[in-house]
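Dumping the structure here so I can ask a few things about it.
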Amino acid sequence: MKRILSIQSHVVFGCAGNSAAVFPMRRMGMEVWPINTVQFSNHTQYQQGWKGIAMPAGHISELVDGLSAIEATQVCDAVLSGYLGSAAQGQEIVTAVNKIKQDNPNAIYFCDPVMGHPEKGCIVAPEVETFFKESALSSADIIAPNLLELESLTGMTINTLDQVIEANNQLLEKGVKMVVVKHLSRAGIQKDRFEMLLTTEDGSYHVSRPLYDFDAKRQPVGAGDLISGVMLANLMAGYSPIDAFERTNAAVDSVMQETFNRGAYELQLIASQERFNAPEIIVKAEKVA
């Protein structure tokens, strides 16, 4: 059994951050240790607003110190990070990653650099964006940006698939071993599909799934967090990057289809749980570079 430390946001109601990623990873056989960067009543796209707080400075470090004291850091196989409440939390995560890799040299760091949405813009403070560009990249083994986040990480303006591939290769040159672009958006080649791109030293692979016609004001939140969690769990289960990519695409499609069919605003993880371990792979990844 693989052990994953998951450091990201938490919502009491609904599915975002750890609330979107922890259950699927556990359902896939992972032992998951969640640490919350913020704790909100619900995700922030509700028109009625939300309540909650960012965890205080030192919170992450204190908990990781506790894990170290009981020697849990020695058996941690991966760290997954997502939404940050502050840049200081990011530095605490990097410190935690370094400690875990020191205790277990085989551990990996999967960074989901949550900054915003290609159609909605950046939602984090400038110092958080700077942290991802200047600190997270040097520590991450795997990074999973959307198009907006990829532009931020590379400083490129990206409008085509070739430019996405160029940007991904730029990240590989900085030491990242795998890039998973969770949403190609306008840079995609199939405007009626939801497209993703995987890049490793072996090349770049494109995959897509149906783009469901959710109401613009009722677009489910948390799909990116779900993608990162399921992708990491598949990799930890021993699947190759390409197989993990295909399985993740299929599993997430099942969740989105179930959510759409039920007319729900929150991801229907419970109703879709059988597909996390047994995804119906209809679309195979295609090598594009």
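Quick reminder: no glycine exception, Cβ is built from N, Cα and C everywhere.
Sharing the record's features from Swiss-Prot:
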BINDING   S9, T44, Q45, D225  substrate binding site
BINDING   D112, A144, E149, K182  ATP binding site
Which residues in the same chain, at least 6 apart in sequence, have a Cβ under 8 Å from the Cβ of Q45 (substrate binding site)?
Q219, V221
Cα-Cα, whole number of Å: E149 (ATP binding site) versus T44 (substrate binding site)?
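That separation, Cα to Cα, works out to 19 Å.
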Report the residues of the chain - excluding D112, A144, E149, K182 - with C-beta within 8 Å of the mean position of the site's C-beta atoms, for the recorded ATP site, in sequence order.
P113, V114, I143, P145, N146, V180, V181, G224, I227, S228
For the substrate site given as S9, T44, Q45, D225, which other residues of the same chain have their Cβ within 8 Å of the site's Cβ centre?
V11, A16, G17, F40, H43, Y83, V221, G222
Please report the DSSP secondary structure of E149 (ATP binding site), reduced to three states.
helix
Among all protein chains shown, how many Cβ atoms are found within 10 Å of the Cβ of A144 (ATP binding site), not counting that one?
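Excluding its own Cβ, the number within 10 Å is 27.
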List the binding-site residues among S9, T44, D225 whose C-alpha is within 10 Å of the C-alpha of D112 (ATP binding site), in sequence order, or say none.
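D225, listed in sequence order.
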